[in-house]
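What Swiss-Prot annotates here:
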BINDING   Gly7, Ala8, Ala9, Gly10, Gly11, Ile12, Gly13, Asp34, Asn94, Ile117, Thr118, Asn119, Met227  NAD(+) binding site
BINDING   Arg81, Arg87, Asn119, Arg153  substrate binding site
ACT_SITE  His177  active site, proton acceptor
Amino acid sequence: MKVAVLGAAGGIGQALALLLKTQLPSGSELSLYDIAPVTPGVAVDLSHIPTAVKIKGFSGEDATPALEGANVVLISAGVARKPGMDRSDLFNVNAGIVKNLVQQVAKTCPKACIGIITNPVNTTVAIAAEVLKKAGVYDKNKLFGVTTLDIIRSNTFVAELKGKQPGEVEVPVIGGHSGVTILPLLSQVPGVSFTEQEVADLTKRIQNAGTEVVEAKAGGGSATLSMGQAAARFGLSLVRALQGEQGVVECAYVEGDGQYARFFSQPLLLGKNGVEERKSIGTLSAFEKNALEGMLDTLKKDIALGEEFVNK
């Protein structure tokens, strides 16, 4: 199994590469790519960690050598948020980066599963889909927007509030991956109940958690370490499913039946070909139904922005 990380010299990329080097199954290959010249050195640094995961690093304009034979490609390349920016301010720079990298994936490893981490995910996934479609290699079961950070944050905040072990809590999060489009389904957490005020406060905290980190880092960056962990969790789940493990479920932002929007984050059963089954979002509370209705315009606009970027 070969995993390629594009944007591997950045804050998320390095954290992700470290976790994959220590946690990928024995015999896996890990390939790191970034435009930055430091990237082969990041691979050398990680190669000293004693795990049976082969690692190589590549830098420069051409990602092809890193992509050859890749089964999973995780894309974290792009600029990070600064205070006062929201994820959509990133669009102007990151849209071009994602388009370029996905074009290279389409040429070199068109059958790979692709996880898009680069923000704004609501839009960059639509860009990736249109690029793959133009290249004639789009498979909607193999393109994912990685929203796992919303899930791990939800799990952490709920566990803190309710005095649970974080490992015992799994909150499904649906919708998109920024602001109001992030909808944690708190009504579906088994064995935990919330007051209306708790639901409102938690939902808001989960939606604004990225900003919490950006502000706390005082201009020094955005959420890189928790995002690295989230991306590793998603990437490792995908690898296990591709290798035939049964019953692997993760939420991610994918193209579905279009009931709510063309792309929508929901629980997915993963399998040997990527998405095996898009699972139902279940029964929503009145608060959740309302929040879902209220986000769809924003989500659809975000998606249209990505489609137009490629097709203009």
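Using N, Cα and C of the backbone, Cβ positions are placed for all residues, glycine too.
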Checklist outcome for this item: Students should find that the Cα atoms of Gly13 (NAD(+) binding site) and Arg81 (substrate binding site) sit apart, in Å rounded to an integer, by 15
Item to check | Binding residues Gly7, Ala8, Ala9, Gly10, Gly11, Ile12, Gly13, Asp34, Asn94, Ile117, Thr118, Asn119, Met227 (NAD(+)) - maximum C-alpha distance in whole Å | outcome: 18
Next on the checklist: Rank aside, I only need the closest one: which of the binding-site residues Gly7, Ala9, Gly11, Asn94 has its C-alpha nearest to that of Asn119 (substrate binding site)?
Outcome noted: Asn94
Item to check | Intrachain C-beta neighbours of Met227 (NAD(+) binding site), sequence separation six or more, cut-off 8 angstroms | outcome: Ile12, Ala15, Ser76, Ile117, Leu149
Next on the checklist: So if I draw a 10 Å sphere around the Cβ of Asn94 (NAD(+) binding site), how many other Cβ atoms end up inside it?
Outcome noted: 22
Checklist entry - Long-range same-chain neighbours of Arg153 (substrate binding site), Cβ under 8 Å, sequence gap at least 6? => result Ile206, Ala209, Ser226
Checklist outcome for this item: CA pair Arg81 (substrate binding site) / Ala9 (NAD(+) binding site), Å rounded to integer, equals 17
Checklist entry - Near Thr118 (NAD(+) binding site), how many other Cβ atoms are within 10 Å of its Cβ? => result 29
Next on the checklist: Distance check, please: Cα of Gly7 (NAD(+) binding site) against Cα of His177 (active site, proton acceptor), rounded to an integer number of angstrom.
Outcome noted: 19
